[in-house]
Amino acid sequence: MVPVIALVGRPNVGKSTLFNRLTKSRDAIVAEYAGLTRDRQYGEARWQGRTYIVIDTGGISGDEEGIDAKMAEQSLQAIEEADAVLFLVDSRAGMTAADQMIAEHLRKRNKRSFLIANKVDTIDPDLARAEFSPLGLGDALPIAAAHGRGINHMLQEALGIFPKDNVEEEGEGEPASEEVAEGEEPTRIPGPSEKDGIKIAIIGRPNVGKSTLVNRMLGEERVIVYDQAGTTRDSIYIPFERNEEKYTLIDTAGVRRRGKIFEAVEKFSVVKTLQAIQDANVVIFVMDAREGVVEHDLNLLGFVLETGRALVIALNKWDGMEAAERDYVKTELERRLLFVDFADIHFISALHGTGVGHLYKSVQESFRSAVTRWPTSRLTSILEDAVQVHQPPMVNGRRIKLRYAHLGGANPPLIVIHGNQVDAVPKAYTRYLEKTYRRVLKLVGTPIRIEYKGGENPYEGKKNSLTARQVNKKRRLMSHHKKAEKKKKDKRR
């Protein structure tokens, strides 16, 4: 499971700066959930092939009232959700009473914590270590978040306590280890899902019908193999079979009785949701058709898109809507979900089972699209046809040239295109290529990523050397030029 690391500390010690440094300010996957987690930000980060989730919290000063007390409460909740805590202190300001209070709380919770002395760019790191040693959390790790100093050592220490089972491997967004032979048919890249079947995460806002859908999918007509508790918090991994196909449901809403079709008010956990997305092969995103698309839905869909997971969208509670309401919702979906237009959309009633069975076909197609690989000849042929129909634009009087393409990875498919001036390819042309590959390869339910690589200039940095013929020509020209200059001088005399 993907580790979760919380950044805590009093206000203005550099938590947000460190958060942006770790997540590389990837705004598309950083979400603020109004009302639910108004003072926590969640972001995905990667370091040396390892993926982890970072929580940025509000500051704790110890004398909070009103909304500040809510901020402190959110920070303490983040500590409970996290697997490890990075406790930031300000080296310039020195140790404060608030620092001592936070350290005491961490010791009581027996939470794996790392003391991080920030802003050491103008202070001796040894002095910072000595200053904060009374906190009783071990030696402080000195960093300067604003300049990136000490970050690698800090991550080495913090991530070193976790097993390396979340390092990205083949079939999980990394390049495939072997090329598809020319003329070979497209094949699936085997992944961890072969044993437990396709891993499906059912996610969505609270009270959209996730629990009802889980119970419907695990109904009595299905063969449930066994129930196995997840390794992190309350997520439950439930392997089951349907039509002799294996699946594993990742249920973030906790254990519930089979056959109890009731959607209680859930306690929404962002961490469990993000971890389920990371661990899944396919995400079924559930929305309430009566409420339409809200901002929170877009935030979660953005995270799914950034992680590259295959996606199926389910509009629940469709059965009780009037025709005019349905038309309006469909119009809104077309307008607001353009960025995930590759995903199948199903209109279902989890309570009555209407349309639920059709989800499995989309899950299968999405997974197959995400893990299929194609030979270089096939991808290059599609590229050549696309360029012939619509050529890349001119840059500085020269046409961008795209020469060949090959598969760089799967889940999601990564297509690497080689050519000249590729750094100038417009985003609109990249979208055109994505749609072309999606149409020709008949890809459904998975994002596509295109990466460009330019050819190296073999003469870059080298001085041109003239041939013997060019040297003789240069001599003749220089001789002719000198004679002409001499004649001009003679005439002036």
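Backbone N, Cα and C define each Cβ position, glycine as well.
Record features (Swiss-Prot):
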type	residues	note
BINDING	9-16, 56-60, 118-121	GTP 1 binding site
BINDING	204-211, 251-255, 316-319	GTP 2 binding site
COMPBIAS	167-184	compositional bias 'Acidic residues'
COMPBIAS	454-463	compositional bias 'Basic and acidic residues'
COMPBIAS	471-493	compositional bias 'Basic residues'
DOMAIN	3-166	domain 'EngA-type G 1'
DOMAIN	198-371	domain 'EngA-type G 2'
DOMAIN	372-456	domain 'KH-like'
REGION	167-195	region 'Disordered'
REGION	454-493	region 'Disordered'
Overall pLDDT for the domain 'EngA-type G 2' (198-371), taken as the rounded mean: 79
Cβ-Cβ neighbours of Trp318 (GTP 2 binding site) (radius 10 Å): 21
Number of other Cβ atoms within 10 Å of the Cβ of Lys210 (GTP 2 binding site) across all protein chains: 25
Counts of helix, strand and coil residues, the compositional bias 'Basic residues' (471-493), according to DSSP: 22 helix, 0 strand, 1 coil
DSSP-assigned states of the domain 'KH-like' (372-456) in counts, ordered helix, strand, coil: 32 helix, 28 strand, 25 coil
Winner by Cβ contact number (other Cβ atoms within 10 Å) across the binding-site residues Asn12, Thr57, Asn207: Thr57
